[in-house]
Amino acid sequence: MNDFSCPAIAFPSFLNPVIVHLGPIALYWYGLGYVVGILFVWWYAQKLLKKQSLWYANHPPMDKEKIGDFVVWSAISIVVGGRLGQVLVWDPIYYFSHPTAIITIWNGGMSFHGGLIGITIAMIWFARKNNIKIRAMFDIIAIGAPIGIGIVRICNFINQELWGNVTTHPWAVCFPLDPYYLPRHPSQLYEALMEGFLLFVILFILTFAFKALKRPGTVSGIFIIGYAIARSISEIYRAPQEDPEWFSTLFHSTGFTYGMALSLPMLFLGFYLLFQAFKDESTKNGHTQTKN
């Protein structure tokens, strides 16, 4: 704990990364955040699959019971993809020098972009195996995903990781783990709001007011575009992370971060999904097809 006085809002002393110790086992907010997020996506998807009028041809693309079969695969793919993304893309030198640190996911260190790749592979595999339209499968998962992202970002705040740049704004926070104990943007909470709860509201409105699920790929396309934009904005307020050396050499002092660079392919993917959604003639006349 830093002994210096805080010129802004002091980090709440009651917040601890560990919820409770059960003998030698510790329950972490970070791990619980992932569990709650995945369970919310499962619950919300089941609710929407019951509402036939939301879907193209008034026919949900899958039985609501099947989404439960995907929960385990989604959890595994997110954790494995997210951790591999962190290890291979963000800090390979450290993790290869400290291989035991690779499995300590409860301490944080999960790449959203890696998790997205992991669950995308799982969704494509599951959709093909169960004869589900791939873009519809993307929509089913994407529609509730922002809540999970928002919860995990709050857990980042509790873990005192990914804090923001130094600022004089009155809502600045002093993090005890910051060696300089300076007032900083609570960028984790900015991300929780933009990437999480605000994006969820946008998808909610698109789903219920504009019936976006009737064109498979629309919801997932907007989700990916929305996340990429929100992440790029939040990168402005985040304290710089240690980017790969080759990237730092190319973009030194430009303000263009590695997180922004990783979000660029997401923009292209999101617009591609939207293009496919509105090009697909089968969603105009009510007929469905299983190929993408």
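Using N, Cα and C of the backbone, Cβ positions are placed for all residues, glycine too.
On a predicted model such as this, the values are computed, not experimentally measured, just so you know.
As given in Swiss-Prot:
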type: TRANSMEM; residues: 25-45; note: transmembrane segment
type: TRANSMEM; residues: 70-90; note: transmembrane segment
type: TRANSMEM; residues: 138-158; note: transmembrane segment
type: TRANSMEM; residues: 193-213; note: transmembrane segment
type: TRANSMEM; residues: 217-237; note: transmembrane segment
type: TRANSMEM; residues: 255-275; note: transmembrane segment
| message | Against the transmembrane segment (138-158), which of these stretches has the most C-beta pairs under 8 Å: 25-45, 70-90, 217-237? | response | 25-45
| request: Grab the same-chain neighbours of the transmembrane segment (70-90) for me: Cβ-Cβ under 8 Å, and only residues 6 or more beyond its ends, written as numbers and ranges. | output: 34-35, 38-39, 41-42, 102, 105, 109-119, 121-123, 125-126, 141, 241, 244, 258, 262
